[in-house]
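Some notes on the structure that comes next.
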Amino acid sequence: MAKMVVKSIASKRSISTLSHLCDRIKQTENEIVQMFRLPVLKDEKQNLPINSKISRKGTSVRILDERFIRILKIFKWGPDAEKALEVLKLKVDHRLVRDVLKIDVEINVKIQFFKWVGKRRNFEHDSTTYMALIHCLDEARLYGEMWKTIQDMARSTCMTSPADLSEIVKILGNAKMVNKALSVFYQIKGHKCKPTASTYNSMILMLMRGGHHEKVHELYNEMCNEGSCFPDTITYTALISAFGKLGRDDYAIRLFDEMKDNGLYPTAKIYTTLLGIYFKLDKVEKALDLIREMKSKGCTPTVFTYTEWIKGLGKAGKADDAYSVFLDMLKEGCKPDVVLINNLINILGKAGRLEDALRLFNQMGAWQCKPTVVTYNIVIKALFECKAPASEAVSWFEKMQANGVTPSSFTYSILIDGFCKTNRVEKALLLLEEMDEKGFPPCPAAYCSLINSLGNAKRYEAANELFLELKENFGCTNARVYAVMIKHFGKCGRLNDAEVLFKEMKKLGCKPDVYAYNALMSGLVRAGMIDQAHSWLRTMEENGCSPDINSHNIILNGLARTGGTNRVIEMFTKMKHSITKPDSVSYNTVLGCLSRAGMFEEAAKLMKEMNSKGFEYDHITYSSILEALGKVDEDHASTVF
């Protein structure tokens, strides 16, 4: 009986091998595929090409593609899609892989399909299929999977072209994966691809965008050592820009000359970079020569070139020339942008040409330049600098808000500083409250102006209260605010508090700057503690903070007040032979000391020296000398002068 059952089961199983049933199963599978066939309209049939062979082939490919796409969209990747490949008789090759990766289906479907294809016999992915998937993953922001695919490509036997390597570098750079880009560059470069200038340029530009300027020079040296890979204009543009940002101006200038020696023509961008460097180095004539060279070579200045040109002239104190360049730019047909306008308004405001600055603002609409918060900030600052009524600054503040421009923390800082300088401290305090209500973070610059104004008004407790508030809200504040508070503690004789603050800022990691040292030394001198102040001057130098002329003048003034004429002359002589040369204050301090000591002949010699250097006498000191000389013999006085 058992044998019969087994036999029966065997016979039942064997029916699946019958040919007519196999055909039926295939027919059913075909019907499943046909379910996804798009209907062909009657008009379309009539418009088919006359050549039936071409017609059948073209129509078949389009219909099959559409059916397979619909299967992928509905069933995703899996057995159904695999079966559809067989039924539709789609040839699995690199072209099919690329076509599937172009389809608008889920990214996971593409990944699964790519991996399935890679496991098939007699098939290996090439650079075109790898790059197609890498682009898909990049677009989907699946950076982890993308990096794995790039590594697989690097380890595979497929060759990588320099263009593909450049593209991989760009993609990784845009994804902020700079170190990984460097890694794969050297990995692929080592055994399967010889980089071209374009490949190196992609690396250099990626490093530039990522702020890795130091690595740029290293890569440039590698490029030059290749022997057959020479820098082009793009390379030099990136390198010159990198060295400019690193402050290595001499290297940038050297590269500029090198590219010209190599027969390459600098672009407007390169000229603009060099122009900024020359102005930064105060080499105004060199900068202007560069403009002349640029124009003679037929290289038209861009709006960026004009911006650097105008900004540089403004920095050199040539506001009139800057404005003339702007007018010439308009005649040349170059349209200004908001950055250029902002710079020019700032230059005109600092030069006291408020009317021209405001006229320029009003003309912005004609050039389709919409004022930004920076524009309004510059205008408001210019109003204060040009001593315009504070009400005008308030009016512009209201105007910017009415025009839909939201004030920034810097806007409030400018207003607070302007009100402080015009002795409207209460108004400034109200603005500080408004700033807090609007949710702006505490602004050290605004607090600094208020603390200084309150200190100048001898409202030391109020100043200290504001200082403590800033510390509580902001944490470790900056050195300038500490310097202002130290200065006012010194003014009111609270030297212990001043020294405590100085030590506190060091403890908090806020490195004292020259202003903080000067504030402390000034307080000590005011209290008659000259030797301690002098000691701080030495400490300052030992700690790597270079004293400025004010530092020396504070000590010089202290020595002069205590009657130490010899020490004053000794320090003054050292100053004349040092980097920090005496200024008008230094000369007048020594002159006053000499006059108080009755050393009129020495005073007269010093006055002649001052005159030769273009320094003016302090009128009070000069009057006291004349008064003293009036008491001595008239003949003696005439020999002195």
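Just so you know, glycine gets a Cβ as well, placed from its N, Cα and C.
Record features (TrEMBL):
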- 196-230: repeat 'PPR' (REPEAT)
- 232-266: repeat 'PPR' (REPEAT)
- 267-301: repeat 'PPR' (REPEAT)
- 302-336: repeat 'PPR' (REPEAT)
- 337-371: repeat 'PPR' (REPEAT)
- 372-407: repeat 'PPR' (REPEAT)
- 408-442: repeat 'PPR' (REPEAT)
- 478-512: repeat 'PPR' (REPEAT)
- 513-547: repeat 'PPR' (REPEAT)
- 548-582: repeat 'PPR' (REPEAT)
- 583-617: repeat 'PPR' (REPEAT)
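Residues 479-480, 482-484, 486-487, 489-491, 493, 495, 498-499, 502, 505, 554-555, 557-559, 561-562, 564, 580 of the same chain lie 6 or more positions beyond the ends of the repeat 'PPR' (513-547) yet place their CB under 8 Å from a CB of it. Secondary structure of the repeat 'PPR' (372-407) per DSSP (helix as H, G, I; strand as E, B; remaining residues coil): 26 helix, 0 strand, 10 coil. Counted with DSSP, the repeat 'PPR' (302-336) comes out as 26 helix, 0 strand, 9 coil.
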